[in-house]
Amino acid sequence: MPMTTELTTHLSPAALRGLVTELADRPAEWIHLVRLATEERWYQRLRLTEDHEVWLISWLPGQSTGFHDHGGARGAFAVALGELEELSLGAPDGALHTRRLPAGAVRAFGPDYLHDVRNTANGPAVTLHAYSPPLTGMTRYELRADGLHTTAVEGPEQW
């Protein structure tokens, strides 16, 4: 009996970077969808395929993701409008790194990346995010003096 192997293709962080960069450069395709929500970040999935998904997210001042991972997915995001700040923990030193992300900034990352993205500016921001494979879960963390502590594990039904 022949063995069958299921091949799953995952896009690389570089490919995901290219994808969100191209989309950010074509706002006519998505700007009409953007909504601003005062309660929490607004988001809408733009694309879902077997190997990746793309999300459109808007951020008002003060909104943030909190520290989280991407359930083993690779990812990238582009700041299309506005400005955000990203906090991440450096390896191997564990130091907290802060990056200012103006419009046009793009970040790409591998499957083990943790970060907190927030709008600390005075105006709204809009980002495009791509993940490969599509997200199946995310773990949320709280940063304490002694390191990161898991606070929740979420599945797609919670987004």
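Each residue, glycine too, has its Cβ placed from N, Cα and C.
The Fe cation site recorded in TrEMBL includes H68, H70, and the single candidate from H10, H32, H115 that the record places there is H115.
Cβ neighbour density within 10 Å is lowest for H68 among the binding-site residues H68, H70, H115. The Fe cation site, placed at the center of the C-beta atoms of H68, H70, H115, has further neighbours from the same chain whose C-beta lies within 8 angstroms: T65, F67, D69, G75, Y113, L114, D116, V117, M138.
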